[in-house]
């Protein structure tokens, strides 16, 4: 999405050439392959671990850090590889997206005012979503798998609250929705 926005805002005349259907398919295939390889690495590392004892997780969902805690052997090397695999992937994606949007925002700041507010609102919404989604992911996946009191809360927000908020944040960009929300709030606050 950041690359699409970059081309649309910074190189609008090249958009149809750069973002051709073939280019979109290639990017989609690369992302799917990257995600598949990432998952295969994690599954391969977990399958080698011996599991014994009570297999109850004290969490809302079964994720890699929780499964590794169930192993009855020293998991330091596996944890290190997982943090390197997931943490590095998460940080690189996050920094790449932030760099893309920083370039876009600098371009918007330098350009003429025509269309500036629409591009700014789109980018602002995307940056908010990126921060909401990557903040907890960075907290969860870029540190060793030690139990912290905030783990359950962060996991709950990362998997339930923020995905529910995502459509609402994008909906609030719509002018008609904003006007309806104002009317609704005024009606209920005044009455």
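Cβ coordinates are placed from backbone N, Cα and C, and glycine is handled just like the others.
Among the features that TrEMBL reports, domain 'G-protein coupled receptors family 1 profile' is placed at 1-170. In the predicted model, the domain 'G-protein coupled receptors family 1 profile' (1-170) has a mean pLDDT of 82.
According to TrEMBL, the feature transmembrane segment maps to 23-47 (among others). Through the fold, the transmembrane segment (23-47) approaches residues 3, 64, 67-68, 78, 81-82, 85-86, 89 of its own chain, all at least 6 residues removed from its boundaries and within a Cβ separation under 8 Å.
Here TrEMBL flags 88-108 (among others) as transmembrane segment.
The feature transmembrane segment is assigned by TrEMBL to 120-141 (among others).
Annotated transmembrane segment per TrEMBL: 153-172 (among others), in sequence order.
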